[in-house]
Amino acid sequence: MTALNKSIEPGDSPDLTEERASGTFDTNAMAAVIYGSDKFAQRRREISEAISKIPELADSAPLPFLDRFGKVTEGSRKLSVILENIDKLIDPSSYEEGLHLYTEVMGMEGHPLALHEVMFIPALIAQASDEQQVKWLGRARRREIIGCYAQTEMGHGSNLRALETTATYSPETQEFILHSPTITSLKWWPGALGKSANWAVVVANLIIRDKNYGPHPFMVQLRDEDSHEPLPGITVGDIGPKMAFNGGDNGFLGFRNYRIPREYLLNRHAKVEADGRYVKPPHAKINHSAMIRVRSHMATGQGALLAHALVIAVRYSAVRRQGYLEDKSREVKVLDYQTQQHRLFPSIARAYAFIFCGFETIRLYDQLLIDVQNGNTSGMADLHALTSGLKSVVTYQTGEGIEQARMACGGHGYSMASYISEIYGVAIGGCTYEGENMVMLLQLGRYLVKSIEMIQNGKSRELGPMVAYLAENESEIDLNLGPNEYLKVFEYAARNQTWRATEKFQKLRNSGMSNEKAWNQASVELTRASRLHTRLYIMSTFINHVGSIVDQKVKGVLIDLLNVHVTYEVMDIGIYVQGLLSSNQMDLIRNQLYVSLETIRPNAVSLVDSFQISDMQLRSVLGRRDGNVYENLFKWAKSSPLNKTDVLPSVTQYLKPMMEKSKL
Ligand SMILES: CCCCCCC/C=C/C(=O)SCCNC(=O)CCNC(=O)[C@H](O)C(C)(C)COP(=O)(O)OP(=O)(O)OC[C@H]1O[C@@H](n2cnc3c(N)ncnc32)[C@H](O)[C@@H]1OP(=O)(O)O
Ligand SMILES: Cc1cc2nc3c(=O)[nH]c(=O)nc-3n(C[C@H](O)[C@H](O)[C@H](O)COP(=O)(O)OP(=O)(O)OC[C@H]3O[C@@H](n4cnc5c(N)ncnc54)[C@H](O)[C@@H]3O)c2cc1C
């Protein structure tokens, strides 16, 4: 009989083989659920296999041993190998296949095409007119040019309206003149801008005859296509090392009265006629679409990062033995400790939940893109509110989960051999990029307040399906709790908090305070409402997704995982449900959580194996598929550049003389 867990191979650590043998479901079938289809899950495996056959695609050294220069060079080197072999590796027209290829080969530390694929091309698709797409999109897709998305400035990121870069229209020459008037107006942070990109989508305030029409996207050539030297009028460079993404060249950019043709305003939606007449877009915020797209993809992306950390921590916890339970003759796998399970299993559930939730937001974005191309912008506000909350909650919880995974690996978790700190650095960047989390929670807060105001004005029927629960009365909770009852508990918490926060804001405003001051004084409560609303959404998409699964064994284990999720989440928001649940009921839920941790235990390794993250992609000694951690940890340490010689020059130059002097 073939094993249900497809990761078993001869030579593996017996501890991991034992774990895999206890799995109750087919990990390939689970991978099909995680990656949306059996076909794509299979393609991922094939792509990984094809990559492994091209030795030049392997890291030339463990990435943590490379310095910044080495990391940036390594990314470009591998990119050129990828492009030479691209047809052998993927269907180049598939975004998903490309993403898998890049993630596997490049790792997560950044590379010259990261922003090209994630923002530059999507911005062209959403914002360039048909003629502009003919001009640039093909070139971008063929990677004849490398692009980035340059919006944030040194002085402003969250508050777009305060960007200082201007694009002033000159009707005489039919050009826009891009200018950076101050130090703080320098573009600052855009990925791949520093050294790699030769073109950029630049967001600048459009000025026509002294009137500011707000931020608009412009296609701007930064560097000569032959020499790669910055063009006259452009100041560009790298912003230096960061917490993570050090294989990437996030950059700065300034303009000195830099002229571009009128046709370089991305003008699918807004236009400037030759005489300077402005043609308004169908929605004031349509220029934000590249951001909405990334935010829509963030739940899946962050779920995948959390998954990376959990693969490492769960596998390692199954081979790490420390201390005793009942059997005093052999130390126990640390995964058998309830505290370890409590640390890791709710995060496994969240990783699955985020990925499933991401399916939904990506689908909503793709639909919105079609609608907007057809002139229908009515879905923009809803998706903006939803993805604003979602990006904030998933990035924060992913960061929490990764950090717990690191601690769950003890001392070795702190070593770069675990690679978890790199994953953490990358993931936690998501709390900031695409809109700082508090700022984005408050965007959702605005939407929730407006929803409550609709209810107060007797317009409950006009509420969208995602906020309809705000108008409902709470019902009794039956504590023969199934997932749907937990959903009701969450609805109660989110509804109560949203009403309380809104009423606080309204009361302050009605007391004569300005709108802005009242908003600020209610803002912590509003962010709490936004988080609860978003967590409710995540839970409900998780429940719906599990309900739709056909494979009964896969569905069975996902129901077990859902039980971990709903009980953990409700315990976590206990303070918001005190008015609904008695302390006896809370105890009952707490016990259900502990039972669900035990239930999921035999499937823990199979659940993380199902993410099918190859060793190459994982880059972790602790998380290796074969579980042979210790001998490889020693090998890894020996490969440290510091161990190339027994006596370092720094010892000869400084420490030896110091010790010699002390002897006198
Ligand atoms: C391989 C991995 C690579 C990782 C890649 C990482 C790449 C990172 C890239 C970046 O970070 S790019 C830069 C991202 N920057 C931001 O996200 C900036 C955040 N700020 C904003 O998005 C906006 O400033 C804001 C906070 C949303 C406010 O918008 P605005 O400045 O336009 O404010 P107002 O004029 O006050 O308007 C508010 C009004 O508009 C509605 N609204 C805002 N955005 C949208 C939208 N996209 N769609 C629909 N509606 C929108 C908002 O809800 C308000 O509506 P009302 O409440 O007034 O009705
Ligand atoms: C790894 C990484 C990659 C990036 N890539 C790009 C890129 O490719 N292109 C690009 O253009 N940009 C990029 N950025 C920039 C990023 O989008 C901004 O840093 C982000 O939007 C936050 O803006 P800020 O840095 O100005 O923060 P600030 O707005 O200055 O935030 C500082 C603090 O002020 C608070 N705050 C600000 N406004 C409010 C408010 N209205 N209400 C309450 N609190 C508020 C915030 O919550 C935060 O605590 C990247 C950033 C990082 C970290």
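Glycine residues also receive a Cβ, built from the backbone N, Cα and C atoms like all the rest.
Summarising the annotation, TrEMBL assigns active site, proton acceptor to GLU434. As annotated by TrEMBL, FAD binding site applies to THR152, GLY191. Residues annotated as domain 'Acyl-coenzyme A oxidase N-terminal' in TrEMBL: 26-146. For 289-449, the entry in TrEMBL reads domain 'Acyl-CoA oxidase C-alpha1'. TrEMBL lists 483-660 with the feature domain 'Acyl-CoA oxidase C-terminal'. TrEMBL lists 1-22 with the feature region 'Disordered'.
Taking the features listed in TrEMBL, we show where each one sits on the structure.
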residue : record                       : Cβ neighbours (10 Å)
THR152  : FAD binding site             : 20
GLY191  : FAD binding site             : 26
GLU434  : active site, proton acceptor : 23
Contacting positions for the region 'Disordered' (1-22) when only residues 6+ beyond its ends and CB under 8 Å are counted: 28, 315, 318-319, 321, 333, 553, 602-606, 609, 625-629
Whole-number Å distance between the CA of THR152 (FAD binding site) and the CA of the residue listed as 'active site, proton acceptor'? 10
To the nearest whole angstrom, state the Cα distance for the pair GLY191 (FAD binding site) and GLU434 (active site, proton acceptor). 12
Could you break down the residues of the region 'Disordered' (1-22) into DSSP helix, strand and coil, giving a count for each? 8 helix, 0 strand, 14 coil
Could you break down the residues of the domain 'Acyl-coenzyme A oxidase N-terminal' (26-146) into DSSP helix, strand and coil, giving a count for each? 89 helix, 0 strand, 32 coil
